[in-house]
C-alpha cells in the first residue's frame, strides 16, 4: 500500500502497486494526458514503471527540461523505426540525446543524400502521426542478445557483450515492429513526438575510434510544440547569417587552408582586432597587478613527463626531435610558468605572484573536429597562473572573479552561467584541503553575489574549479573562463617558497583564463556582433569620402588628422558615385562614414553617417574627432546618437 508524496507535499495512498501514469490519472485526466514520465525518489522512470513502496513522485511533462530530453530520445528511436522501414538492411548503432536534439549512427550500404533525409523525415512524420503506443519490456540479458542477434543488429549485440552485465535486465522499447534498447525513460505514446526536423548527415567512426568502421550520423532536433521548433529553426537561420567563417571571409579578417589545418592566417584587419584585444587584456593585467611573461613554445619531453601531460595527454601533443632529444610543442602554458617561478629563491613575502602570458599553444585536435576559429590546432591563450599560499586562495579567487566580470561586461555579455566543480573520486590531497578549497571558491562567488550551481565530482584530480559560460544573443553557450586550483603541478615541478617558519613550502597554483583562446573569442565576438564590431574593436573605424575631385585635398588632410588622433581612418578618393562608396563601406561594417562635399569644405565640417544608415548631419571636424576618441577610449558598445 504505497504512500505517494507529491512535490507540493501532499500525499496520496494506494492499496496496490501504481505507476506514474496511474498517479497522474488519480490527480486528473489533463495531467495524465500530459504525462511523459516521472521522477521517483529523484530518479527518472517510465510512466508505466510500477511503484510498490512509499515514494516521492514528480510527474514529468513536456514543460520540464527532462520531458524535452525524453521527447528527443524517443525521436531518435522514431528515426530508427523509419530508417528500418525504408532500408531494412540498416544496422543501428547508437542514438543519444545531444544539445537541442539527437542523432543516430547507422551502418548501411548506400550513402545517404539530402533527398534520402527528406524521405526519412517524411516517413517519421507518417509514423508519429499514427500516435502509436511505445511498449516497454524488461528482459534478461540473454533474451535481449537473442532478439538483436536474430535481427542481425551486431552493434547492439556488441554493446550487450561489452557494456552490459549479464545480471542486468535491459529495457527493450517496441515501436510497433521496431525494437530498440535503452535505459530510458521514453514517451508512452508517439503523440509527444510530432515536432522535429532532421538536419544533417556526417561521418562518425564506431565508438569514435578511427580504426573502426565509418558510420553515417543523422542529426535531428525535436521540441515540445510547433512554436518552439519554429523559434529554434529561426535561431539556426540567424546563426547561419552570423557564421564567423562567412563574415570572416566577407570582411577579409583571416583564412585557413589545407596546408596548415587548424592554423589561422590572420589578414591585416583580423590581426588589428587581435591586437586590440591584446591591448585591452593588457590594461586589465596592469589594473589587477599581473606580471606579463613569455615562455618557449617547445620544451623537452622530460619536463612533460614530470608534469603528467605525457602520460595523459600525449595523443594531443605535437612533437619533434633534434640531436637525439625529443621535444613537445606546448599545449598549455602552466609548466613554463612554474619554470619562471622556480628561478631564484621565493619567500612568502613574494606571494601572491600573478603571472600572465599570451601563450602560443598547439593541440593535435582531430581533423574532423576543426571548425573555423572555434576549434583550431594553433591558438593563443590569455592565460595566467597565480602562485599563493593556502591562506591567500580566497582573496585571489575573489580578484579573479571580479576580473572575469569586469572584462565580460565590456563586450556586452550579461548572461553568464557559473558552475563549481567539486572533488572527483580519484584525487590528490586530503579531504580537509578539499573542504577548505571548495569552501573558498564558494565563498568568493557568494561574496560577489554570483548565483552558481555545483557539479559534484567534476573537478580535476588536482583541485576544484569554477567555470564561466557566456550566453550570446542567440542564447548559445560558450564556456570561456575558468578559475582552477592546482595542488599537484607545483610539487611535481619542485616549486617552493620559504614560509614564515623558515621552512620550504609548496605554493598553491591557480590557473586563470578569461577569454580562453583569443582565436575562439574573436569567433564568438564576430557572431555576437554579426561583424558589427564596436568602434574600439573595428579594424577600420572611419572612412572619409569625397564627392568630387574638388574635395580630395580636404579628405586627405582630414584623414591624416584622424590618424594622428589615434583613430583608424582611411580615405576613399576613388572616382565613384558617393552612393556606391557608402554602400560598399556599409557592407564592410565600417562604423562611421564621413562625407565631404563643397559645403563641408567651406564650413570645416563633415557629413557623418553610421553603418546602420543613420544620418547624423553635418558636424564640426574637431567635435567629430573628440566624440570618436571618447567612444573608442571608453570602449563603448554603442555608436554616436544610438
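Glycine too: its Cβ is placed from the backbone N, Cα and C atoms.
The feature Zn(2+) binding site is assigned by Swiss-Prot to 334, 385, 511, with sequence analysis given as support. Annotated domain 'TGS' per Swiss-Prot: 1-61, in sequence order, evidence recorded as sequence analysis. Here Swiss-Prot flags 243-534 as region 'Catalytic'.
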(request) Using a 10 Å cut-off, grab the number of neighbouring Cβ atoms around the Cβ of residue 511 (Zn(2+) binding site), all chains included. (result) 23
(request) Summarise the model confidence on the region 'Catalytic' (243-534) as a single mean pLDDT, whole number. (result) 93
(request) Other than 334, 385, 511, which residues of the same chain sit close to Zn(2+)? List them in sequence order, counting a residue when its Cβ is within 8 Å of the Cβ centroid of the site. (result) 332, 333, 337, 383, 384, 484, 486, 489, 509, 510, 512
(message) Using DSSP, what is the helix/strand/coil residue split across the domain 'TGS' (1-61)?
(response) 14 helix, 24 strand, 23 coil
(message) Is it possible to get the count of other C-beta atoms within 10 angstroms of the C-beta of residue 385 (Zn(2+) binding site)?
(response) 28
(request) Check residue 334 (Zn(2+) binding site) against DSSP and tell me helix, strand or coil, would you? (result) helix
